[in-house]
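Asks: I'd like to ask you about the structure that follows.
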Amino acid sequence: MGAVQSFREMCDRPKNTNVRLSLPAVCIVWQTAMIILFGVFIRYNEESDTHWVEYKKENNIPSDIENDFYFRYPSFQDVHVMIFVGFGFLMTFLKRYSFGAVGFNFLIAAFGLQWALLMQGWFHSLDYTDGKIKIGVENLINADFCVAGCLIAYGAVLGKVSPVQLMVLTLFGITLFAVEEYIILDLIHARDAGGSMVIHTFGGYYGLSISWMLYRPNLDQSSRLQGSVYHSDLFAMIGTLFLWMFWPSFNSAITDHGDGQHRAAINTYLALASTVLTTVAVSSLFQKHGKLDMVHIQNSTLAGGVAVGTAAEFMLMPYGSLIVGFCCGILSTLGYIYLTPFMEKYMKIQDTCGIHNLHAMPGVIGGIVGAITAAAASESVYGAEGLINTFDFEGEFKNMVPTKQGGHQAAGLCVAICFGIGGGILVGFILRLPIWGDPADDNCFDDEPYWEVSHRSQYQVSYRMNSRYLKIVRVQLI
Amino acid sequence: MGAVQSFREMCDRPKNTNVRLSLPAVCIVWQTAMIILFGVFIRYNEESDTHWVEYKKENNIPSDIENDFYFRYPSFQDVHVMIFVGFGFLMTFLKRYSFGAVGFNFLIAAFGLQWALLMQGWFHSLDYTDGKIKIGVENLINADFCVAGCLIAYGAVLGKVSPVQLMVLTLFGITLFAVEEYIILDLIHARDAGGSMVIHTFGGYYGLSISWMLYRPNLDQSSRLQGSVYHSDLFAMIGTLFLWMFWPSFNSAITDHGDGQHRAAINTYLALASTVLTTVAVSSLFQKHGKLDMVHIQNSTLAGGVAVGTAAEFMLMPYGSLIVGFCCGILSTLGYIYLTPFMEKYMKIQDTCGIHNLHAMPGVIGGIVGAITAAAASESVYGAEGLINTFDFEGEFKNMVPTKQGGHQAAGLCVAICFGIGGGILVGFILRLPIWGDPADDNCFDDEPYWEVSHRSQYQVSYRMNSRYLKIVRVQLI
Amino acid sequence: MGAVQSFREMCDRPKNTNVRLSLPAVCIVWQTAMIILFGVFIRYNEESDTHWVEYKKENNIPSDIENDFYFRYPSFQDVHVMIFVGFGFLMTFLKRYSFGAVGFNFLIAAFGLQWALLMQGWFHSLDYTDGKIKIGVENLINADFCVAGCLIAYGAVLGKVSPVQLMVLTLFGITLFAVEEYIILDLIHARDAGGSMVIHTFGGYYGLSISWMLYRPNLDQSSRLQGSVYHSDLFAMIGTLFLWMFWPSFNSAITDHGDGQHRAAINTYLALASTVLTTVAVSSLFQKHGKLDMVHIQNSTLAGGVAVGTAAEFMLMPYGSLIVGFCCGILSTLGYIYLTPFMEKYMKIQDTCGIHNLHAMPGVIGGIVGAITAAAASESVYGAEGLINTFDFEGEFKNMVPTKQGGHQAAGLCVAICFGIGGGILVGFILRLPIWGDPADDNCFDDEPYWEVSHRSQYQVSYRMNSRYLKIVRVQLI
């Protein structure tokens with residue numbers, strides 16, 4: 001009890017946002033560690049190594065076009081855009097935290113993808129003959145996916161943490177992700193092509209739990225900055241649209257060659273289209289005068305992409321995708337209207353970007369949709385070979401049947417939730433230590449503590465015209 | 001006469017921009033209709049279905065890489081970016097209508113692509129054995145193309161209509177498009193890979209006719225908002241550049257595998273490059289002090305891409321592409337300088353984005369270029385097999401010859417114009433009904449009626465320094 | 001001596017920025033020349049010509065997917081985005097020169113790529129049977145690469161030259177590039193897939209030399225405009241991120257099919273990730289309070305991509321890429337902190353965008369890394385066939401060995417530096433002629449001379465609150 005008390009006190013000391021030593025130290029030391037670990041462990045795989053010429057001959061591969069690079073590289077680049085421009089700009093909506101949004105997103109993604117190559121490599125791409133991790137384009141995509149989980153979590157704590165905290169959040173996030181992913185995909189043998197469970201559910205609950213641990217009772221002292229201006233909302237739309245447009249690539253990037261990628265792209269395209277309409281409908285219906293709210297358009301329109309993540313590669317059917325999108329647009333928008341304020345008021349969860357509505361809840365829906373679709377799969381719909389291919393009923397899982405697969409999918413979803421909440425509480429505890437340089441409650445949502453910001457044009461003047469003279473109502477630093 | 005009179009009066013009642021019931025109703029009902037129709041009609045085609053494994057064996061397809069997905073998906077994603085970021089951001093140039101530009105573009109594109117999959121599917125992809133429409137990546141591209149026609153039309157009425165009107169415009173636009181496209185491509189057997197006629201001519205005249213029907217004599221009451229600010233012009237350049245860069249993908253997305261896609265991309269790349277130089281030349285030459293006008297740079301630089309749409313897949317030759325781009329840059333820029341004001345003053349056509357100069361006129365030029373190039377085709381240039389492949393002189397059209405094909409191309413152009421003008425007048429008549437929630441004449445080009453806009457920093461203050469004191473010249477709401 | 005004197009005087013006459021005759025004349029005449037030269041010289045190659053059907057049969061090519069279009073088109077589009085959005089928006093950081101940044105970038109790239117197709121075509125793609133240049137997608141990529149050299153040079157003189165000067169800079173830049181590239185790649189047989197030497201070193205020194213020739217001793221008269229505002233920094237981040245994300249495509253766009261493209265993409269991806277962390281570290285360490293500087297984040301994060309340009313296709317190894325990125329992030333950021341001010345003060349080189357730190361220096365490092373990696377290549381690492389493939393030890397260079405290749409690489413680097421400096425001095429001399437319409441020293445970094453700029457919202461007011469009343473500190477035109 002005394003320990004908790006003194007920990008509390010230690011955490012409540014006055015804040016110092018100077019990260020001049022800690023941030024460079026973390027970046028340099030961790031990057032050096034990456035170099036050493038890459039030197040020991042990481043090599044090119046047979047498709048990116050100069051021995052490909054010989055490999056091709058030995059395996060009777062008729063053409064260079066059969067190199068996995070040509071199957072996946074366009075999707076990889078789309079995913080890459082989602083990670084850096086999509087997530088980065090989506091978070092620029094705050095009036096004075098756009099540098100932090102796009103800049104720290106850049107930093108932690110660049111670190112996270114290196115650590116992810118190692119962590120995922122040890123679990124999935126280790127060549128036991130020489131103890132090396134062999135990487136190719138699919139590993140790059142998976143590393144980007146892994147990073148996405150941490151960027152989702154960043155959305156919950158946006159504006160309230162220091163870059164050093166974000167690095168810590170990423171280090172642990174990637175580690176937890178890789179373990180969770182191994183359990184869900186390899187041990188449980190759940191399928192999760194677009195990561196509804198592995199990425200969005202995990203990332204969502206991870207971020208929400210951290211935000212809960214870092215609850216700031218006096219955050220309203222920064223409320224002047226917790227809103228958007230006209231052009232910051234437009235910058236955020238750049239993020240929204242690149243996420244929306246490239247989501248079909250996200251969900252199809254690592255699915256099976258051929259029909260797998262093809263079908264996943266179609267399903268995602270349709271689910272997202274459907275979501276836009278129901279988001280607009282609910283946004284308009286629940287606002288005074290039927291006006292649309294940019295927050296909903298920026299975020300809830302994406303929920304359909306999250307929710308078809310698991311089932312996109314299955315025979316969800318085009319109308320099935322539309323239904324998933326339809327429901328998610330409604331639920332996600334209602335979440336922004338009712339759930340986010342409720343969670344802040346009663347559950348002490350301050351969720352800056354509303355990741356619960358965009359990632360956690362749609363991710364869970366996606367996991368459930370995946371479980372149902374898998375359980376309902378049949379040879380008459382999939383074809384005998386198609387069923388085996390799609391669900392990978394091979395090797396150790398040769399005797400698997402769709403109904404049982406449905407159960408495994410549900411189990412996978414539970415693991416993702418547990419890892420998200422458990423991991424978030426653990427990491428949140430670490431991040432409460434008073435050594436990370438996070439801002440004070442009246443200094444949140446502000447680029448000023450961590451960025452050289454030009455001091456010009458930063459006063460906001462409110463006027464009121466009174467017959468012939470001008471009354472200055474308020475001058476405020478923005 | 002009395003009926004016309006009372007219709008006029010009904011249309012002139014005071015405006016109410018509250019769309020709180022109509023917009024949600026339209027979105028929910030139409031989306032539900034989409035789900036039902038998709039449930040009845042739409043299935044995966046043989047390349048996106050799990051039966052692909054078996055299909056591959058039966059048809060001796062040696063590798064998954066032969067799946068059409070790998071031929072067309074990168075182009076599809078580029079086209080997707082053009083539709084959502086390209087068209088969306090191109091229209092953000094107005095100082096206070098950027099939310100409407102990018103947001104309503106998003107809404108109607110998301111609806112339009114679903115309706116297009118159905119409409120185009122019934123005409124082109126219906127499997128008569130089971131009465132289902134079978135879709136794959138090419139259908140997605142065509143749906144995006146179909147949507148482009150409506151987005152072009154949106155450019156003419158930008159800032160003057162309600163989102164409900166835009167949904168109606170899109171519903172009818174897609175329907176007309178699918179019919180017109182079927183007539184032009186299938187019945188007349190015209191070729192139109194990049195849609196100079198089918199997309200741009202139709203979309204352009206459709207929008208202009210609607211704008212003519214919705215003529216607002218007192219639109220100058222909104223003139224304070226009918227301009228750009230510095231950063232809104234920069235946002236528009238994002239749209240311009242993504243359209244410009246990805247236009248080669250647009251024109252090559254559905255052309256023949258192999259040389260067809262390759263050649264269409266090269267021709268478009270060259271035509272667009274050439275257009276930039278002549279646009280700059282004319283813009284500078286016709287302005288005081290030789291200063292460039294952002295409106296021209298944002299729009300006319302794209303005219304070359306429109307105008308090679310039809311001929312891009314033919315042997316237009318690299319210099320031919322340059323010539324087309326050269327002429328279109330000049331004509332389009334002159335259109336912005338002389339034609340747009342003329343049309344507004346004398347023809348009662350208020351064309352917000354100048355789509356006549358960017359789409360309608362270059363589209364017609366493209367149709368003519370296509371007809372001439374087709375008529376001039378010869379076996380000596382194309383090769384015997386090349387000629388048949390390029391113009392699809394097969395089946396029913398086995399006895400077609402290039403000169404005759406030229407005539408068919410010209411006929412196709414006429415059909416596109418007729419559908420555009422006729423359809424636009426019809427739809428414009430419907431949109432004049434006083435039930436759609438469109439803004440009053442003094443309330444156009446403003447996001448305020450349809451969007452929750454943050455009220456901060458929205459005063460524009462003009463000052464003048466007078467020796468040592470400051471005179472406030474004007475305070476204006478922006 | 002008298003001649004130099006009178007040349008100096010002629011150059012110091014009052015400036016007239018009216019380009020109403022010169023800019024249109026240059027654009028129209030040069031574009032016309034392009035059309036004529038394309039008419040005489042440029043044709044489709046066998047993969048983009050309608051004879052492809054026959055070519056395929058004759059050469060036993062089993063499928064259309066073997067057309068080079070499908071190997072390279074996705075990378076081409078990524079490179080295209082880098083050229084127009086990447087370079088264009090990267091330079092929008094100045095508060096009042098964003099139109100010039102993105103607009104002139106657009107203009108000179110559109111001209112440059114045409115001239116590059118001709119110049120590079122004469123050296124590399126001339127078909128001696130008919131004297132024609134045969135182009136395909138690889139030529140388009142190379143043309144974009146060639147343009148990149150000139151856009152880099154633009155970065156050094158950003159805001160200080162007229163569009164006519166930029167056209168001249170580009171005309172000569174492309175010409176010099178093509179010659180230099182021919183010498184380095186063909187005569188010396190150096191390898192330079194991502195153009196560390198050919199593009200970045202040449203372009204960097206070319207721009208710096210021109211800037212040195214155009215030195216403006218009184219440039220501080222424009223210092224009020226030589227900075228960013230909040231949103232101009234965000235626009236620049238769009239450029240940064242698209243360059244960063246697509247750099248793997250840049251370095252792999254023209255490497256060997258199969259493992260060559262695959263490996264180049266992986267190496268670049270890793271080097272860039274590593275650079276981000278060290279850039280952040282140094283930026284934070286060298287600023288007061290550890291605050292990050294947007295200039296560093298926007299630019300130095302890209303240095304790793306430049307520096308692996310040459311070696312990306314070699315067996316640099318993943319950790320090797322990380323090391324290159326690690327060093328370049330540090331050096332480039334230190335360059336911005338120490339070298340740029342030093343060069344301006346003591347060497348009379350005014351480098352607006354700091355291209356020395358982003359292109360010239362990392363380019364040289366890249367050349368050296370390439371030479372070392374090539375010299376260290378061995379059959380045990382590359383495999384016998386892999387070594388020959390990677391370094392193209394065929395035909396005339398059949399007897400080449402890695403150590404010798406290392407020497408050739410170093411020679412190539414020297415040629416690039418010489419061409420850059422020599423060419424820059426020559427072109428700088430031409431650009432000093434007082435006929436080009438460049439702005440006066442107190443009128444730099446301003447869009448006003450060359451663009452119609454809306455005059456609204458262009459006053460910047462600084463206030464200070466004093467107990468209950470407001471003191472206006474400064475009103476400044478921005």
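Cβ atoms are placed via backbone N, Cα and C, with glycine included.
Copied straight from TrEMBL:
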type: DOMAIN; residues: A:70-433; note: domain 'Ammonium transporter AmtB-like'
type: TRANSMEM; residues: A:21-42; note: transmembrane segment
type: TRANSMEM; residues: A:97-118; note: transmembrane segment
type: TRANSMEM; residues: A:139-158; note: transmembrane segment
type: TRANSMEM; residues: A:164-185; note: transmembrane segment
type: TRANSMEM; residues: A:197-215; note: transmembrane segment
type: TRANSMEM; residues: A:235-254; note: transmembrane segment
type: TRANSMEM; residues: A:266-286; note: transmembrane segment
type: TRANSMEM; residues: A:319-339; note: transmembrane segment
type: TRANSMEM; residues: A:410-431; note: transmembrane segment
Asks: Is it the case that the transmembrane segment (A:97-118) and the transmembrane segment (A:164-185) have 3 or more CB pairs under 8 Å, with pairs at least 6 apart in sequence?
Replies: yes
Asks: With a cut-off of 8 Å between Cβ atoms, can you find at least three pairs linking the transmembrane segment (A:139-158) to the transmembrane segment (A:319-339)? Only pairs 6 or more residues apart in sequence count.
Replies: no
Asks: Among A:164-185, A:235-254, A:319-339, which stretch has the highest count of C-beta pairs below 8 Å with the transmembrane segment (A:410-431)?
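Replies: Looking at each of A:164-185, A:235-254, A:319-339 in turn, the most contacts to the transmembrane segment (A:410-431) are made by A:164-185.
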Asks: Restricting to the domain 'Ammonium transporter AmtB-like' (A:70-433), report the mean pLDDT as a whole number.
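Replies: That stretch averages a pLDDT of 95.
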Asks: Counting Cβ pairs under 8 Å to the transmembrane segment (A:164-185), which of A:197-215, A:266-286, A:319-339 comes out on top?
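Replies: The stretch I would name here is A:197-215.
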